[in-house]
């Protein structure tokens, strides 16, 4: 089965075609991503209206390029999939409406994909990973520990009770006057700094629950920087290094407890695995810390290639292909959802508003 996937949930416009065979093995035929960093850089963050307009301008040509790169015509794909949430509602509408129109024009089945499910299933595309496994999803909008039992069968073990980790990286960069996007910049500066100079907190470290918290760490960074004004270049690199070390320690503690829980629930699992996905998973220091943690606990550490950690359409096409193997297509009247928890059975951490559960 060949599936055309479309991703427009935030500030990347993407289209891809993925093939899934009868044995469940996947192959990426094309994967095109257009970043909007240049459009949002002057504002220090993503502006939803600008993002939606950029998706409108770029998506048609990206779909054409994805088809051309795969050597296919639209009628030769077997299904169309698009991100329906969670994300910025304007961007979701652009991608969802485009995908519906293509599916209707080509008379192909349509699948509305949860963006988080795309991340959750990427390791099955790249590594053929069997169920069950643990997923650490770390991005600008989400920080979650998820038990993946099967397609559509997810249990949220822990989530952030305040800021997502990617947001904490971006806010730290902004506090220090570093350019957007903040995550890669903080990582690069940290390589030159002294991680022991500042004793920053490790939020929730040692607690039995599996949730995350990063707002206190972000506040500590702001207080440290304020006390040092005017900041020298060495101050900035040392703060970045101390911040990143605190994050690595916090993740190792939180994830380590999740690994122990997994072993208790699945004592007979032959190859227990931790999958790390999301944009923050591209951070090499954090990946190394988590890989060492997995080695100590007897887990396989699986991180998709860096270009599949950040937002892309290959993961959306693959999630659509996985669902198509066992589930009926979605109706074309399905609506986008700015909030769409991966595990809708769990109680929302932040409560429920008019638009649904927040996390």
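Cβ coordinates come from backbone N, Cα and C, glycine included.
Residues or ranges marked as Fe cation binding site in Swiss-Prot (evidence: sequence analysis): 115, 119, 311. Contacts of residue 115 (Fe cation binding site) defined by a Cβ separation under 8 A and a same-chain sequence distance of 6+ are given as 7, 9, 83, 85, 86, 87, 311, 316, 340, in order along the sequence.
For 137, 138, 139, 140, 141, 170, 183, 283, the entry in Swiss-Prot reads substrate binding site. A strand conformation is recorded for residue 137 (substrate binding site) in the three-state DSSP classification.
Annotated region 'Disordered' per Swiss-Prot: 328-359, in sequence order.
When each of the binding-site residues 140, 141 is scored by how many other Cβ atoms sit within 10 Å of its Cβ, 141 comes out lowest. The Cβ of residue 137 (substrate binding site) lies under 8 Å from the Cβ of 116, 119, 120, 143, 144, 145, 146, 277, 278, each of these being in the same chain and 6 or more residues away along the sequence. Neighbours of residue 170 (substrate binding site), defined as other CB atoms within 10 A of its CB across all chains, total 24. Close to residue 139 (substrate binding site) in the fold, though at least 6 residues off in sequence, lie 119, 164, 165, 166, 278, 279, 280, each with a CB less than 8 Å from its CB.
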